[in-house]
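Taken verbatim from TrEMBL:
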type    : residues                      : note
BINDING : B:E35, B:H69, B:E150, B:H183  : Mn(2+) 1 binding site
BINDING : B:D57, B:N223, B:S225, B:G227 : Ca(2+) binding site
BINDING : B:E66                         : Mn(2+) 2 binding site
REGION  : B:230-277                     : region 'Disordered'
There are 6 protein chains.
Amino acid sequence: MFFHRQELQHKASPDRPDAVYARKLQEVLGGQYGEITVAMQYGFQSWNAHMPGKYRDLLFGIGAEEMGHVEMLATMIAQLLEKAPVGATEKAIQDDPTVAAVLGGTDLQHAIVAGAGARPVDSMGNPWSAGYVTASGNLLADFTANANAEMQGRVQVARLYHMTDDAGVRDLLSFLLARDTMHQNQWIAAAKELQEEGYEQLPVPSNFPQRKEATDVSYEYINFSDGKHAAEGSWASGPTPDGNGEFSYRETPEKGVPMPPPTRPDARFYGTTDLPNVVEKAAGTVQDKLKKD
Amino acid sequence: MFFHRQELQHKASPDRPDAVYARKLQEVLGGQYGEITVAMQYGFQSWNAHMPGKYRDLLFGIGAEEMGHVEMLATMIAQLLEKAPVGATEKAIQDDPTVAAVLGGTDLQHAIVAGAGARPVDSMGNPWSAGYVTASGNLLADFTANANAEMQGRVQVARLYHMTDDAGVRDLLSFLLARDTMHQNQWIAAAKELQEEGYEQLPVPSNFPQRKEATDVSYEYINFSDGKHAAEGSWASGPTPDGNGEFSYRETPEKGVPMPPPTRPDARFYGTTDLPNVVEKAAGTVQDKLKKD
Amino acid sequence: MFFHRQELQHKASPDRPDAVYARKLQEVLGGQYGEITVAMQYGFQSWNAHMPGKYRDLLFGIGAEEMGHVEMLATMIAQLLEKAPVGATEKAIQDDPTVAAVLGGTDLQHAIVAGAGARPVDSMGNPWSAGYVTASGNLLADFTANANAEMQGRVQVARLYHMTDDAGVRDLLSFLLARDTMHQNQWIAAAKELQEEGYEQLPVPSNFPQRKEATDVSYEYINFSDGKHAAEGSWASGPTPDGNGEFSYRETPEKGVPMPPPTRPDARFYGTTDLPNVVEKAAGTVQDKLKKD
Amino acid sequence: MFFHRQELQHKASPDRPDAVYARKLQEVLGGQYGEITVAMQYGFQSWNAHMPGKYRDLLFGIGAEEMGHVEMLATMIAQLLEKAPVGATEKAIQDDPTVAAVLGGTDLQHAIVAGAGARPVDSMGNPWSAGYVTASGNLLADFTANANAEMQGRVQVARLYHMTDDAGVRDLLSFLLARDTMHQNQWIAAAKELQEEGYEQLPVPSNFPQRKEATDVSYEYINFSDGKHAAEGSWASGPTPDGNGEFSYRETPEKGVPMPPPTRPDARFYGTTDLPNVVEKAAGTVQDKLKKD
Amino acid sequence: MFFHRQELQHKASPDRPDAVYARKLQEVLGGQYGEITVAMQYGFQSWNAHMPGKYRDLLFGIGAEEMGHVEMLATMIAQLLEKAPVGATEKAIQDDPTVAAVLGGTDLQHAIVAGAGARPVDSMGNPWSAGYVTASGNLLADFTANANAEMQGRVQVARLYHMTDDAGVRDLLSFLLARDTMHQNQWIAAAKELQEEGYEQLPVPSNFPQRKEATDVSYEYINFSDGKHAAEGSWASGPTPDGNGEFSYRETPEKGVPMPPPTRPDARFYGTTDLPNVVEKAAGTVQDKLKKD
Amino acid sequence: MFFHRQELQHKASPDRPDAVYARKLQEVLGGQYGEITVAMQYGFQSWNAHMPGKYRDLLFGIGAEEMGHVEMLATMIAQLLEKAPVGATEKAIQDDPTVAAVLGGTDLQHAIVAGAGARPVDSMGNPWSAGYVTASGNLLADFTANANAEMQGRVQVARLYHMTDDAGVRDLLSFLLARDTMHQNQWIAAAKELQEEGYEQLPVPSNFPQRKEATDVSYEYINFSDGKHAAEGSWASGPTPDGNGEFSYRETPEKGVPMPPPTRPDARFYGTTDLPNVVEKAAGTVQDKLKKD
């Protein structure tokens, strides 16, 4: 169950409206790595978790916080839009190219659809999609996904920080940056603990019997580009992070295997083939079959 | 530049056609974590890379390999579909509920749209979307995204392994599992090397001056659920993975701040407000403004 | 702020697993009118609300309840999937066409992607899209949208009720049906109250000065089909629900106005036109302009 | 059958081209509540209708009118784009920041893809999606959906009215506003008539036997937020609009039920669990099963 | 303007319901090349046409016919669904694996969402998207798109023909096949006539001055794969269809040009770079700039 | 297998950065007819091809070239973004409306998400979708699709040519224009050769026995609009391109057939019907059935 309290975790008010910045801020609300994504992602991971206890509690705990972040950003965006100009007929706009320019940079649906309100979209207006969510049931994979989400999110907030000098906006961003710092650290710590406690190991999933994979290429770097420097990395020689092998390097792929012959599905799929007299024959086949239909 | 050779990196032929399994295999071709995703993701990361050398060469090298994996899976799927039944009018189907059941489990567009060919979709028929791709320009974030993609991909291939007993299909899957093992290890090694060489540190992005964030909550776990066990993890006390702090734990969020008052945008957005006599007044305002329009 | 409690509003456990039904239930979790839609819709309407007080409190109150419904359905689906078969290689499946049939009816991503977990998608596997959300800032329009959402939702749950005889599932559905009954009634009551209190009237938006619209066709039914019975309804004669007019009926549309002449945009858009000697002339124009470029 | 006449229902020509406004107008052509949505929605409702007569005739009649509105808007947009500048190399643009600003506000695909033509997209460039359409077969639910669509549409047109002072554009908008007034009134009248004639009642669907729902919570407002004012509305006490009950108010949700224990699906899904010695045991299980595979 | 008549162009009634086939038929209603696509495509091409007369009349004429095809297919699908089983609790289903299999092959939203009605989706449940529509303003390009659409559509209908033996369904399909034959022929004839009348030539767009392109590679086949047979086609030697050149063949691409050096955008984008002491320096730069912010 | 070489097929460097143009160029990278589309389309056509030899080699050969075009455009876009301004707080921007205008015209995700890098999206920010790809297995249909794609692509590049005067950008565009010229010619030549060699004929698919279609309307133009000029084209009289018939012209459609009666699906779908006393009766039916459930 979720309970709502009419308070915000942190102050979320700009010093002054800024409809262009409102659009930019949509990215971290409704984008691929926005707050809706992490709120839903941690939610689905917790509901699908196969073990009770601290890991699931962690997912529940951060998931609910992120729903509050969705709310803070939506609240901020609505305020940034409070003086959004209605449109091109304003006298001020006609006289002032800067104002005209501003209009060019706004999310038009903020005005036309939401009436100066926030929307569940990214900065280019794409509606949020659940295709962004990751929840596999394998916690080491999922915590790595979460660490990535918090990193991408913090990179985006950091970029947005420089796109405004509004102290109120920056105050909220500094709070979000701190929470992203915390959450990055937490998912990394949780991923490490999972491995130390033996629940999962590398390579993920660790309980698939590795002898079933083609072990001759499990630790071989095969270079399909002509860059010479890839051999210099720790991924081309030395022990592998999973502790199970030793990296090797192959500068050029081995000769491959021949492609299988093209397929010849049923003639009634009407694919183009090179069978002799194909039109007549296929038609014949078809007609033979049609008689039976 | 990309060059194509009419060979496959590994044999990709089933022992026998299986139209239902062809659909399942679409997931690792055209799904969120399928081969198209990693091929495009490593491509965009390399084209957007801001430094030459081993990291970019690594991206180029693996990216081109993944395009070859797209091809192997498409080739395999086309063969699995080679005997795809045309439809419900086949005599065998009418007599045999198992065959009828099989039809229910196929991707209908394999037959109707592609004529027994592979398609750039996932196992539920959703077309592949570039919304799956991550390429931020920050290599530590992106390599973490890549490690996650390889983990999710290997989990999915492992699951698919048990959904068939076709030796030819399993042979290809064992190859893909091995390459996912390799690539998981590589991205983890590369992420570690980036940090050791000082290009990036935690928290990502590391060159955003951390004093600008709200440091009082940078390392505090705030529990928004009522699970008691989240405090037991290494993410609630002790040093943080980024080496910059010490985790603390707060069982219940502090009292928040009051929500700001609702916004009052221009009356011409026709939002509902509680201004006294709102209809008349707003109408007045609108009409006043309309006169000027 | 949102707080999570590790309890469910109502029991959400099936009597027995049923992977096919798990897929059907996804519709009311992640479909156009599923619980994610209403949770997000009421959230965005509350964050964008322009007046404090009872209407906004209502949005906050129901919105948070709906997040709990998302959780109940996800929890139920995970349990329905608990015995989901891994795939076609199971001995029982090979012998039993009913089991084979079952597999054809499952959401393949439940197994391959989520490892027997719920997903933020509808019953055909389409990821939830924020394009389903309505939040215009005009409360009479939005409460009508909400009433519709609760109606569509209750219709779907009623249909789903007959697709199972599992007492545990039906128990949860009977709870959801009751809450949909409540919420339908609430939004209808709220829409009525808004009008009685004068915040909004029909036609929405009521403070747009109606004299600005083409009042000659504001209450005229114009029949663009040849059905004779449309004239029999209360929408073709008598007073209009907004109280501002009287319906009239026109059996056949008036003669229209001529279409404007086709547009002739800049030749450098390379549209096809019938200007005499168009290729030469346009080329000339282009070349003249190119010289200046 | 549909027949086309090369006339428009109303004049649809601007006084002067305005490429920025052309983009804004796309919202009511190809947006969530644009004319394509209502044309398709009324179409599918009529084709799926289960009763002949006045209601279906009404759907047919308005549906065909809306197709004509799609055409009027597309025609208007093409004319607004007639002088669309080709791009940044125009001399006028380089000298005039207002013109540069204008370019920033245009739909780039109007120029690059459509060559100064209308497109089936919204004002932010999202292609129209059939995910916007509602057609459930339950006419009371669907007419409520239609009333909402006409309200949202009229709100958007009203907003757009203030974003231009072009008399030709405003003339078309005043016509669309009037038709939205009519159609709002019609769907509300039709919904009322359906109930008066006993085809449907509240709660929708009315022929689901209400005793099958959890009637103890069918009319209880349960407040999941901490707003105190929700209790003041007509939705918290007094008779319910469906005439079947009496609203009650519960300030705080009852204690919920415990969450069910986490699920334990087949080990071959490779989810993370806390079973003792999970890696070894699960591997054992997997290997045992694999032998049988 | 569009007018609707309550008749169908051709009989559209199945001999018996078939819910599985109803789903298959969705492909040619709401798929990439279904009837909605061509109705909307010809519509937008006509509204955007830059010349009056026979070509535009042709677009208008066929476009309206296609709207009638949408209606015929929706009507047919609703009838195919008339006996759609409600679900798994039917006695017949429990006893009969064939019936169970049938359920696995249905579109679940036909039942749950549309109540046994047609939907604007394809056979895998993807909602129709306006991203399928092509309307460039260049008629030779667009007529080629139309010819392709009619070919793809006819291939799909031909495949569907063999997936049923219902005489009523086949009767409608035979009608659609004939109309696709007609429309294929028409667009090919129209494309030829456009060229003969000099409105457009190959290469499209023909009035772009070809001397502006890199004419040294305008007619050279450059083989990026290692297949030896591509040289054998009429596309590798001899005159080109546009009449402007002669095909030549290059077996191996020329050496390319070096990639440009990686970009070095502003440090405040937090991309990873190899500038010496990057963290310190970039931090310095950022902090310097922040002071000025 | 695909191999990558760290070279470009043609120089791809602008003379100067231009973040607004970078966004425009996204159209031909990640749009409906951008380079990702053709690379994937030719790939899937080749993997699904049913005949070896010159046609498949052609698909492989051009497909790999197009992947290199993706790379050239991504590389160009990254350079165009190299001096992308971070945001509105730059001093230069505040003083200069032209710079402000520029910001309004950029792709905000270029900055916020990609850190001044290319993205797999179109010029309006829509992510590339595999829904753009065509690969039916019928080569005459598919080569026509390919000819169309190259035409649409060349039209778009020609338009983009006039939107910049940067010599470096124009140099790349002139190269792409030439390759589009080549590829248009090749697909047209290949389509012609397929027919001459008898693999496919018009109408596509040619081996469907045409006597099975409703031959009375196979070559009849039926005019559903009131334009008088459609009869003047070569598509209304004379021999048909497929050589099988003679065009005829019908100015007005024949009288259609009556619509079938509305469907009456199971009452448990809760559709609205006009059966007498429907509520009671249907409820009765439902309750009878529920007893058996």
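Don't overthink the numbers, they just go from 1 along the chain as shown.
Cβ coordinates come from backbone N, Cα and C, glycine included.
Taking the features listed in TrEMBL, we show where each one sits on the structure.
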residue : record                : Cβ within 10 Å
B:E35   : Mn(2+) 1 binding site : 24
B:D57   : Ca(2+) binding site   : 23
B:E66   : Mn(2+) 2 binding site : 25
B:H69   : Mn(2+) 1 binding site : 28
B:E150  : Mn(2+) 1 binding site : 27
B:H183  : Mn(2+) 1 binding site : 25
B:N223  : Ca(2+) binding site   : 24
B:S225  : Ca(2+) binding site   : 23
B:G227  : Ca(2+) binding site   : 22
Candidate nearest B:D57 (Ca(2+) binding site) in space, where candidates are the binding-site residues B:E35, B:E150, B:H183 and distance is Cα-Cα: B:H183
Closest of B:E35, B:E150, B:H183, B:S225 to B:E66 (Mn(2+) 2 binding site), Cα positions, binding-site residues only: B:E35
Distance [Cα-Cα, Å, rounded] between B:G227 (Ca(2+) binding site) and B:E150 (Mn(2+) 1 binding site): 31
Cβ under 8 Å to chain C, applied to binding-site residues B:E35, B:D57, B:E66, B:H69, B:E150, B:N223: none
Output field, Mn(2+) 1 shell: CB within 8 Å of site CB centroid, site B:E35, B:H69, B:E150, B:H183 dropped: B:V38, B:I62, B:E65, B:E66, B:A149, B:G153, B:L176, B:R179, B:D180
Rounded to the nearest Å - Cα separation of B:H183 (Mn(2+) 1 binding site) and B:N223 (Ca(2+) binding site): 35
Collapsed DSSP category at B:S225 (Ca(2+) binding site): coil
Whole-number Å value for how far B:N223 (Ca(2+) binding site) lies from B:H69 (Mn(2+) 1 binding site) (Cα to Cα): 43
Rounded to the nearest Å - Cα separation of B:E35 (Mn(2+) 1 binding site) and B:S225 (Ca(2+) binding site): 37
DSSP-derived helix, strand and coil totals, residue by residue, for the region 'Disordered' (B:230-277): 6 helix, 9 strand, 33 coil
Cα-to-Cα gap, B:E150 (Mn(2+) 1 binding site) vs B:S225 (Ca(2+) binding site), nearest whole Å: 31
Listed binding-site residues (B:E35, B:E66, B:H69, B:H183) that sit near chain A [CB under 8 A]: none
